[in-house]
């Protein structure tokens with residue numbers, strides 16, 4: 001398997017981040033309330049303009065007018081399946097690229113999983129998640145427990161290649177090393193910090209970050225790679241002690257990378 | 001146009017903040033889940049006693065018994081329009097002063113905008129928002145994009161005078177300089193920090209803060225001025241680097257100003 | 001009244017915390033969106049694996065498969081009473097121990113209070129709250145105002161003994177000193193920091209923490225004592241200034257105590 005390594009050192013990554021700050025793209029998110037605040041703050045830290053939530057009329061208005069959209073299916077804890085599917089449909093029909101984060105897919109609720117599957121019909125540009133979720137979405141046994149993975153990201157590599165080829169989406173799995181499949185091609189992003197797994201919503205916020213890179217990138221693969229590399233660089237720069245300070249430091253370093261501190 | 005400058009240096013501002021700490025007023029909020037945590041923490045930092053959300057029976061019970069109420073209409077992402085209007089009606093009928101924050105008004109959803117307009121019938125004491133939202137509410141073209149403004153606060157000055165005169169509410173617009181209209185009279189509050197626009201819910205939390213000042217102030221204009229001046233002072237004192245630390249530091253400085261650190 | 005003092009110095013407390021890190025129990029929570037993020041972060045800081053929210057099918061699937069559950073009834077602000085009762089029923093039937101946090105019980109909504117009372121039929125292992133809430137649940141006049149207590153924890157001691165004896169649950173009241181009743185036996189946990197009352201959701205997160213200790217403890221009383229002692233120790237170690245930094249420091253110190261910094 002050939003693998004292409006991507007990192008913050010690549011001029012493409014820095015160029016895309018600079019473009020976000022310059023253009024301040026409007027990024028619309030449908031996500032869960034545990035992760036919503038961090039996701040919005042990650043986008044604000046790099047200069048994007050986020051709006052979150054399905055207040056009356058927002059799914060259609062914002063789903064069509066945003067520069068990109070992200071949908072975190074755990075939003076179903078306080079959003080109807082109708083609203084979530086409506087956002088995806090509006091984005092798809094309007095040609096707005098969007099990111100699917102199938103949180104807890106395969107963790108035990110067939111009802112939930114069916115709603116997630118319906119979203120695949122709306123052609124997400126990128127699908128991101130942990131190994132268990134993406135393995136389950138590719139038809140394998142993911143073994144996920146709640147929102148936690150039972151596998152390392154390396155276990156998921158061939159499954160995300162399958163899922164990418166079948167769905168047409170770029171597929172990104174988070175872990176000690178992040179892997180991104182664009183069809184059979186695999187990109188690898190190293191770095192980051194294990195404390196990313198100890199801050200709730202840190203994975204969800206990465207889905208929002210990918211969405212922010214979509215309107216300033218030439219391809220969905222480039223957007224996913226640039227977002228993961230930026231996130232890993234910011235996480236790796238946090239030198240404080242403790243998981244609380246880590247979450248704060250992650251935002252600080254993102255804003256410093258973007259020149260918005 | 002005559003303009004009255006207000007700042008933390010005014011004894012009125014410090015006196016009102018001290019009164020909040022002394023009386024610990026019960027402040028009830030209906031807000032969105034992206035901003036709810038920060039709003040509650042801002043109120044706790046200065047010694048108020050917040051409760052948030054429309055659990056069964058709370059709209060009536062808390063809408064009538066609170067010392068003041070704030071309603072952030074983005075709450076509609078997880079609250080019914082019935083519950084929101086019920087809170088406003090109960091507060092209005094009970095003589096409880098309340099703050100309206102019409103988040104994303106005029107940004108594209110006519111259905112959402114109609115619900116916001118219904119709240120104006122319940123006579124908010126203060127309306128606060130960004131320039132685009134308040135210009136749209138005053139009948140002009142605000143040009144807002146999601147929850148972001150397309151105009152500077154100065155562009156909104158004459159519109160908030162109009163809105164204040166027509167609605168009878170004090171109207172406050174946030175920006176590089178904050179302006180507060182009480183009929184034709186304009187108050188200006190300088191200072192703050194541009195990073196306030198890079199922390200999600202920082203504007204929403206200011207709506208909560210204004211509510212906390214209402215029960216300890218002689219007029220709604222005084223409450224709005226004192227809240228904005230306190231917020232700007234706290235923001236201006238934060239000397240850390242990065243948008244994450246800025247959000248934490250804002251709470252720290254508020255609690256220090258209130259003597260509750 | 002005989003009282004047994006428990007603190008971080010007890011090997012039992014440290015042993016239980018080490019067991020959480022080792023086993024990473026899956027802890028399922030139904031809670032309100034103001035407190036959800038902090039609760040998840042408290043659990044992640046000590047090595048537990050939390051999932052929060054009632055997305056379709058999650059109440060049954062996670063209520064039965066979790067190692068323990070916590071239910072914070074302020075979840076009713078965005079969760080149906082049916083879903084909340086369903087989680088409690090599934091946990092009860094599956095023998096999964098669970099924690100009840102009756103936020104704002106007795107504060108003025110009879111409709112809300114009736115839903116909370118129905119949950120008592122599902123035999124919570126632990127009930128935790130502030131003095132006003134638990135006094136009201138024991139049939140006394142709690143005098144609570146929103147989510148705030150009108151009494152010190154000491155006032156509640158005989159009431160939590162009554163409530164524990166009648167319900168069969170361990171009952172824990174937070175305050176300057178925390179008291180835990182297991183029938184007539186009372187445990188006392190000193191320490192902590194008054195700033196815990198100035199961070200929204202800090203009490204709610206303690207309910208989540210107790211749930212994490214349940215699957216690694218011999219009794220519910222042991223779990224409640226170990227959770228309170230760990231929380232008080234972490235809070236007491238935070239030496240920063242301001243309520244914002246205190247919330248961040250609380251997570252840092254918890255992760256340091258667990259060896260996960």
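Just so you know, glycine gets a Cβ as well, placed from its N, Cα and C.
Summarising the annotation, TrEMBL assigns ATP binding site to B:128, B:174. Neighbour count (other Cβ atoms within 10 Å of the Cβ, all protein chains): 27 for residue B:174 (ATP binding site).
The substrate binding site annotation in TrEMBL covers B:201. With a 10 A radius on its CB, residue B:201 (substrate binding site) counts 28 other CB atoms from all the protein chains.
Sequence-distant contacts (6 or more apart, same chain, Cβ under 8 Å) of residue B:128 (ATP binding site) comprise B:99, B:100, B:101, B:171, B:172, B:173, B:174, B:203, B:206, B:207, B:210, B:224. In sequence order, the binding-site residues near chain A (CB to CB under 8 A) are B:201, out of B:128, B:174, B:201.
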